[in-house]
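Visitor: The domain 'Arginosuccinate synthase-like N-terminal' annotation in TrEMBL covers B:6-169. Taken from TrEMBL, the feature ATP binding site applies to B:A10, B:Y11, B:S12, B:G13, B:G14, B:L15, B:D16, B:T17, B:S18, B:A37, B:G120. Feature annotation from TrEMBL assigns L-citrulline binding site to B:Y90, B:S95, B:N126, B:R130, B:S181, B:S190, B:E266, B:Y278. According to TrEMBL, the feature L-aspartate binding site maps to B:T122, B:N126, B:D127. Under the heading domain 'Arginosuccinate synthase C-terminal', TrEMBL lists B:180-398.
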There are 4 protein chains.
Amino acid sequence: MSAPKKVVLAYSGGLDTSIILKWLQTEYGCEVVTFTADLGQGEELEPARKKAEMLGIKPENIYIEDVREEFVRDFVFPMFRANALYEGEYLLGTSIARPLISKRLVEIAAETGADAVSHGATGKGNDQVRFELAAYALNPEITVIAPWREWDLSSRTKLLEFAEQHQIPIAKDKRGEAPFSVDANLLHTSSEGKVLEDPAEAAPDYVYQRTVNPEDAPDTPEIITIGFEKGDAVSINGEAMSPATILTALNDYGRKHGIGRLDFVENRFVGMKSRGVYETPGGTILLQAHRGIEQITLDSGAGHLKDSIMPRYAELIYNGFWYSPEREMLQALIDKSQEHVTGTVTLKLYKGSVFVVARDSEHSLYSEAHVTFEEDAGAYNQEDAAGFIQLNALRLKLLATRDRRLKG
Amino acid sequence: MSAPKKVVLAYSGGLDTSIILKWLQTEYGCEVVTFTADLGQGEELEPARKKAEMLGIKPENIYIEDVREEFVRDFVFPMFRANALYEGEYLLGTSIARPLISKRLVEIAAETGADAVSHGATGKGNDQVRFELAAYALNPEITVIAPWREWDLSSRTKLLEFAEQHQIPIAKDKRGEAPFSVDANLLHTSSEGKVLEDPAEAAPDYVYQRTVNPEDAPDTPEIITIGFEKGDAVSINGEAMSPATILTALNDYGRKHGIGRLDFVENRFVGMKSRGVYETPGGTILLQAHRGIEQITLDSGAGHLKDSIMPRYAELIYNGFWYSPEREMLQALIDKSQEHVTGTVTLKLYKGSVFVVARDSEHSLYSEAHVTFEEDAGAYNQEDAAGFIQLNALRLKLLATRDRRLKG
Amino acid sequence: MSAPKKVVLAYSGGLDTSIILKWLQTEYGCEVVTFTADLGQGEELEPARKKAEMLGIKPENIYIEDVREEFVRDFVFPMFRANALYEGEYLLGTSIARPLISKRLVEIAAETGADAVSHGATGKGNDQVRFELAAYALNPEITVIAPWREWDLSSRTKLLEFAEQHQIPIAKDKRGEAPFSVDANLLHTSSEGKVLEDPAEAAPDYVYQRTVNPEDAPDTPEIITIGFEKGDAVSINGEAMSPATILTALNDYGRKHGIGRLDFVENRFVGMKSRGVYETPGGTILLQAHRGIEQITLDSGAGHLKDSIMPRYAELIYNGFWYSPEREMLQALIDKSQEHVTGTVTLKLYKGSVFVVARDSEHSLYSEAHVTFEEDAGAYNQEDAAGFIQLNALRLKLLATRDRRLKG
Amino acid sequence: MSAPKKVVLAYSGGLDTSIILKWLQTEYGCEVVTFTADLGQGEELEPARKKAEMLGIKPENIYIEDVREEFVRDFVFPMFRANALYEGEYLLGTSIARPLISKRLVEIAAETGADAVSHGATGKGNDQVRFELAAYALNPEITVIAPWREWDLSSRTKLLEFAEQHQIPIAKDKRGEAPFSVDANLLHTSSEGKVLEDPAEAAPDYVYQRTVNPEDAPDTPEIITIGFEKGDAVSINGEAMSPATILTALNDYGRKHGIGRLDFVENRFVGMKSRGVYETPGGTILLQAHRGIEQITLDSGAGHLKDSIMPRYAELIYNGFWYSPEREMLQALIDKSQEHVTGTVTLKLYKGSVFVVARDSEHSLYSEAHVTFEEDAGAYNQEDAAGFIQLNALRLKLLATRDRRLKG
């Protein structure tokens with residue numbers, strides 16, 4: 001590849017991506033376009049604009065966008081239709097945000113005539129893979145610059161030196177090293193590294209930033225009702241809301257009740273295990289609620305098929321293959337299943353837990369007439385079960401007969 | 001089939017199976033052998049002996065056995081190695097007990113020369129299927145009598161009339177109808193029917209019998225450490241225990257902290273949905289603990305394969321196919337994965353929740369040297385990630401190139 | 001259920017379904033509507049009309065329809081998009097025809113005000129299940145009458161007596177028993193029973209009716225080219241054809257070259273093994289051709305996902321679950337994969353074999369620039385492979401390191 | 001890593017690996033140990049010894065071994081128990097040989113105190129991955145040298161220059177470039193590259209080296225019978241043979257009858273598509289035979305489970321993960337299924353085709369008593385099918401009832 005001339009950088013406004021910005025200018029001598037997205041990480045974006053300007057980015061090269069609705073509508077919600085959990089537990093809060101960022105990077109590159117994109121993910125993690133696979137899938141000609149894999153700023157000291165050398169302002173609290181690393185968006189906050197690196201040591205309390213400690217949560221449970229249409233949450237307690245508004249509201253409920261904490265050791269795509277602490281307050285509520293509404297509206301054949309492909313679907317998202325044919329094929333399968341996943345679920349929130357206590361739907365497949373312990377007026381003929389069992393048993397009997405014959 | 005001459009009945013000593021006992025004698029005119037098992041359901045067994053004697057069963061035909069260790073060692077623990085959950089949530093407490101009961105029924109039939117077995121499950125549920133598939137798989141010649149599918153005692157009134165007519169004592173509290181139906185063993189207690197039949201109505205508090213309400217649980221968390229060897233729990237807080245002892249102890253912890261409650265609508269194998277309330281106190285703790293120890297000791301390839309076949313494994317157990325070649329094949333796969341699932345997990349129990357807070361193992365695959373944010377002394381070469389990403393991206397680039405060419 | 005008043009019968013015009021027709025009239029006393037479909041079985045349909053009239057069916061109650069195009073377009077082709085094979089070998093020729101017949105039975109019942117449908121499948125086979133599951137899925141209120149499971153005409157002698165008694169004409173060649181049973185449609189001919197019942201005995205030559213013996217096929221290979229669009233065959237040797245026309249033409253090629261014979265022992269859904277001889281001349285060619293075009297147009301992620309769900313898809317069709325949510329979900333996944341399965345495949349047909357010899361497509365993902373042994377002008381950087389291998393190896397190294405440490 | 005001091009090279013004795021040998025000596029200045037294996041590729045091994053000596057390898061550093069029995073017994077046969085096919089067609093002949101070679105390389109390294117291994121696979125293909133993953137899985141400390149990814153001998157001319165410069169003899173027929181590249185072992189011969197690089201062009205006849213053209217095969221079919229024990233072939237026509245002897249004999253049958261040719265475009269693990277011509281004469285017969293014996297001895301539950309995991313198993317072998325926990329887990333599952341896969345299969349071989357014509361076994365699950373069209377003496381109760389269908393239909397009815405209710 002020839003040297004890139006113009007690069008779109010995923011820019012947070014923080015120290016690390018500011019250093020990257022300057023490094024791209026000095027190392028590659030190329031024009032830099034910054035993209036700063038509001039994914040619900042809870043930080044002001046305007047300071048990022050000021051900082052970019054201060055670092056010499058032309059105003060027309062500064063992109064700052066609120067993508068929260070797109071994030072929830074087109075990424076989070078489709079994923080939740082699948083009840084996706086990576087390795088049985090992780091709600092994929094970081095994984096699902098990366099493809100959206102790459103999509104905008106590539107789009108902005110097209111708009112601004114840039115031939116490269118750049119990100120601040122290290123060479124050890126999953127995010128580099130997610131950013132880059134998405135970028136290449138959307139533009140096979142794009143160049144991706146991953147400074148952490150390239151430069152020699154391999155220690156905190158060298159980074160700070162580089163910053164000072166290039167007049168990048170360093171906030172006082174950034175002089176020392178952070179005790180762990182954080183990523184946040186509307187779906188979750190993840191923490192990893194440093195004080196969390198020994199999985200045999202409990203995580204310190206101060207790692208949790210997004211939720212109250214369950215022990216400090218209210219002593220009284222709270223009951224909420226979530227409405228669904230075709231698999232997506234559309235209302236809370238009867239009030240219709242947009243996707244991002246719903247997730248924001250659920251985050252508030254979850255934060256208050258200490259819901260969605262996870263201390264987890266996972267397998268990275270790049271081959272190593274890592275330990276993280278995740279806080280997914282609203283998502284944890286949403287997952288339970290979605291399962292609750294599926295319980296009465298989803299057929300068993302559909303549900304079991306969904307369950308069987310879910311681990312693969314979650315793995316694809318975790319590994320960065322959102323923009324792959326197989327993720328899209330699985331999405332088609334999942335979406336097809338959600339046509340009747342409509343109704344309401346009532347949940348109890350209490351000190352770290354979410355319980356489904358009731359579900360109701362016009363689309364329910366639950367038939368009290370069939371299941372009742374009372375007289376069922378012929379809805380179900382118990383004698384059918386005898387034939388059902390006999391034919392299910394037939395092959396088992398033939399197996400047992402063979403065993404007897406061979407031993408015999 | 002010719003009429004059975006001698007039948008082994010799964011006998012609880014309660015009213016319903018006492019009526020069945022008598023009905024088998026009168027309807028089939030056959031000799032009855034009773035089998036009463038202590039599976040940890042929490043009831044005395046000697047009253048069952050007395051009652052059987054009173055109903056005319058010969059002493060040598062009364063089998064009363066404590067099978068708790070066998071239950072946990074040979075059924076519960078193998079299942080937990082798989083992290084089995086039916087439909088994402090249910091820990092299969094009833095399902096896993098049925099094959100053991102059938103196995104003993106068939107063995108006792110062989111010992112006593114009986115040509116039939118009988119059980120008290122209805123024609124609407126899963127248990128009839130589980131009992132009978134297991135029985136046929138173990139003895140293809142056996143006859144199974146399922147009175148609930150055959151007799152005309154289709155109402156409570158008729159049952160009581162039959163009981164009175166045959167001098168079967170009726171406890172006072174059995175005169176009225178129970179507000180729901182219960183099954184219990186060392187792993188769980190399930191409740192269903194009657195007051196639970198409307199899934200849009202929250203379950204009344206009195207349904208829960210096995211755990212305290214989380215709101216009434218201690219205000220202080222409790223920390224415990226579970227030791228594992230090759231996937232099975234072997235100790236609590238450093239004290240070695242037998243399988244049933246461990247599960248009993250975990251049940252005590254779970255009961256105290258309100259852990260393991262589930263209000264659930266599930267799909268029965270016979271085709272209808274039903275709503276149940278499950279309490280699996282110790283099992284819920286055990287599942288989290290097992291996942292915790294697997295996090296550091298199980299390779300990702302092994303773990304993802306296990307995750308992908310788990311739904312099928314759980315479905316097989318739920319549907320009654322414990323004694324099937326495919327369940328045994330999956331068990332071989334699962335057991336193979338557990339060779340290094342050895343170590344300790346520390347958990348926090350608090351008001352309905354179980355959190356893994358730490359895990360430790362000589363068999364750990366976690367490598368701090370690789371994952372560290374610090375200088376890693378060459379353990380991991382970040383530049384490798386560039387090649388890894390390029391080759392993973394290659395097919396995505398070829399796809400994108402095609403799309404461009406066709407649109408072009 | 002109350003006694004049916006009007007029944008739509010799947011009527012072939014042959015002796016067996018004529019007996020059923022009369023039996024429905026006499027046993028149920030109900031009005032009979034006949035449905036005779038041309039599925040490409042190779043028999044004239046007008047004699048069925050005459051015979052139905054002779055048996056007293058009102059002209060407006062006689063439905064005779066050519067459904068070949070619908071059969072291939074809406075059933076065969078969607079199935080072939082999946083490369084469906086049951087138990088590794090069987091092309092599902094019988095299974096795929098049943099849902100279409102049931103669909104028309106239920107539709108005609110709605111048109112004619114009938115409350116029941118009936119078919120001539122026995123109680124031992126798969127077809128009863130396929131007919132009935134489809135019927136119930138399309139009309140949950142319909143009654144299905146399966147005479148072979150109900151009547152006492154359990155021997156050939158009794159059937160002939162019934163026929164004579166009711167003036168049903170018996171063709172001379174039907175007096176004796178056929179040496180095996182046959183089902184045919186545009187996709188295949190199946191033979192089973194009687195002379196085929198011992199799987200240790202080779203099938204007699206006369207069983208094969210649809211294809212020449214490979215030994216008698218032409219000594220010279222024939223080359224044909226099949227065109228595909230979005231996964232479906234659309235032309236042969238450049239000539240555009242309708243779905244049924246293509247399959248008919250491929251059948252001619254296959255018949256001539258002795259292609260598509262299969263002697264097979266399969267597992268029926270009802271629990272037993274059975275041995276059948278299948279001839280699927282055109283379908284066998286079509287499967288190879290479809291695989292051939294997928295080889296260059298389908299991405300590996302898409303293809304491997306398709307391969308992994310194919311056995312389940314095939315099993316669903318075999319077991320009669322065409323009209324089930326899970327089949328439709330899998331179809332959505334499969335159809336999504338076929339958007340670019342467009343191009344041409346050249347095949348060599350010779351004495352029982354089909355070889356793909358070439359494939360070509362505007363939608364090809366094959367990149368000679370990447371794969372070439374020659375200088376590739378930078379299309380592919382071989383050094384990337386080193387990083388790719390290192391990261392794929394990382395977990396294997398960590399496993400090996402653990403093993404060494406423990407053996408210590 | 002520090003520079004390797006002693007390296008074990010997979011050495012064929014041909015020009016390419018001779019150049020590598022010399023290059024390792026000159027570039028790395030390290031001692032070279034050669035390993036030349038007889039995997040059934042059909043070449044004399046002694047010339048390799050002479051050539052290694054001539055190139056300065058010490059006699060004690062020359063390893064020449066006949067590993068054919070180990071290859072078939074421990075690699076080919078376990079794989080055939082799974083009926084493994086990559087992407088529906090490819091019998092994995094190259095893939096399955098690589099782990100064995102790596103295993104011996106690593107073992108010889110341990111014996112000789114070598115710290116590195118080396119192979120002659122290029123940076124574009126799968127074999128580099130297979131060699132290296134296996135090596136790292138067996139020795140996490142080993143260094144692997146892949147000269148094709150490192151050196152600058154990027155053209156035929158440069159290679160020949162290097163050879164001449166280092167007095168490596170060049171056979172006259174190696175002066176020009178081969179029109180395609182070949183790999184062979186007892187299981188198969190593969191050809192790829194050069195004249196085969198355009199998948200729209202039919203492969204020239206001269207590419208096929210291992211089988212006669214079907215058109216030139218005998219005009220008379222040949223019938224053979226293969227005996228199996230626990231899933232492995234143990235005899236032909238009643239004569240017991242060792243694994244390698246059986247495969248050799250089947251290769252002779254296959255060669256003679258033109259069996260096992262495949263012209264194929266596949267997806268490489270490294271991300272590109274490639275076109276190959278494979279000849280697997282004996283393996284193609286063996287696969288059909290194994291399927292034939294499974295048809296009567298394998299239960300449907302076991303068989304369907306095997307079928308569903310087969311694509312993943314094949315993919316693992318193709319991608320080089322033979323020595324991975326998940327391959328071993330799947331092998332445990334597969335091997336568990338083969339306990340009764342014992343019996344004989346009779347096949348007809350004719351002009352490129354293999355037909356199963358009969359199978360017989362003491363372990364058969366086929367029950368003529370159940371399947372017969374004749375009176376079955378009560379073996380099977382057709383009325384059971386009614387209940388079986390009703391309960392399988394129940395959820396479909398509930399779905400249809402919902403649809404009707406909503407449409408109202």
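Here the Cβ of each residue, glycine as well, is placed from N, Cα and C on the backbone.
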Visitor: Of all the binding-site residues here, B:S12, B:S95, B:S181, which one's CB has the most other CB atoms within 10 A?
Guide: B:S95
Visitor: Quick one: of the binding-site residues B:S95, B:S181, B:S190, which has its CA closest to the CA of B:D16 (ATP binding site)?
Guide: B:S181
Visitor: Out of the binding-site residues B:S18, B:S181, B:E266, B:Y278, give me the one sitting nearest to B:T122 (L-aspartate binding site) by CA distance.
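Guide: Result: the closest of the binding-site residues to B:T122 (L-aspartate binding site) is B:S181.
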Visitor: Report, as a single number, how many Cβ atoms besides its own are within 10 Å of the Cβ of B:R130 (L-citrulline binding site).
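Guide: By my count, 28.
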Visitor: Please determine which of the binding-site residues listed here (B:D16, B:D127) has the lowest count of neighbouring CB atoms within 10 Å.
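Guide: Counting other Cβ atoms within 10 Å of each of the binding-site residues B:D16, B:D127, the minimum falls on B:D16.
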Visitor: Could you check which of the binding-site residues (B:Y90, B:R130, B:S181, B:E266, B:Y278) sits closest to B:S18 (ATP binding site), going Cα to Cα?
Guide: B:S181
Visitor: For B:G120 (ATP binding site), what is the secondary structure state per DSSP, taken as helix, strand or coil?
Guide: coil
Visitor: Listed ATP-binding residues B:A10, B:Y11, B:S12, B:G13, B:G14, B:L15, B:D16, B:T17, B:S18, B:A37, B:G120 - what's their greatest C-alpha to C-alpha distance in Å?
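Guide: Farthest-apart Cα atoms in B:A10, B:Y11, B:S12, B:G13, B:G14, B:L15, B:D16, B:T17, B:S18, B:A37, B:G120 are separated by 16 Å.
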Visitor: Under DSSP, is B:G14 (ATP binding site) helix, strand or coil?
Guide: coil
Visitor: Radius 10 Å, atoms counted are CB only; among the binding-site residues B:G14, B:G120, which position scores highest?
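Guide: Selected residue: B:G120.
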Visitor: Compute the C-alpha separation of B:S190 (L-citrulline binding site) from B:A10 (ATP binding site), stating it in Å without decimals.
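Guide: With distance taken Cα to Cα, B:A10 (ATP binding site) is 19 Å from B:S190 (L-citrulline binding site).
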Visitor: List every residue in the same chain as B:N126 (L-citrulline binding site), at least 6 positions away in sequence, whose Cβ is under 8 Å from its Cβ.
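Guide: When sequence neighbours closer than 6 are ignored, B:N126 (L-citrulline binding site) has B:T94, B:S95, B:R268, B:F269, B:V270, B:Y318, B:N319, B:G320 within Cβ distance under 8 Å.
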Visitor: For the binding-site residues B:S18, B:T122, B:S190, which one has the sparsest Cβ surroundings, going by other Cβ atoms within 10 Å?
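Guide: Per-residue Cβ counts within 10 Å for the binding-site residues B:S18, B:T122, B:S190 bottom out at B:T122.
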Visitor: Mind sorting out which of the binding-site residues B:Y90, B:S181, B:S190 are close to chain A, meaning Cβ under 8 Å from one of its Cβ atoms?
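Guide: The binding-site residues close to chain A are B:S181.
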Visitor: Where B:Y90 (L-citrulline binding site) and B:D127 (L-aspartate binding site) are concerned, what is their Cα separation in Å, rounded?
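Guide: B:D127 (L-aspartate binding site) has its Cα 15 Å from the Cα of B:Y90 (L-citrulline binding site).
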Visitor: Find the shortest Cα-Cα separation between B:G14 (ATP binding site) and the binding-site residues B:D127, B:R130, B:S181, B:E266, B:Y278, and name the residue that gives it.
Guide: B:S181
Visitor: Between B:R130 (L-citrulline binding site) and B:S12 (ATP binding site), how far is it from one CA atom to the other, in Å?
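Guide: Each residue's Cα considered, B:R130 (L-citrulline binding site) and B:S12 (ATP binding site) end up 17 Å apart.
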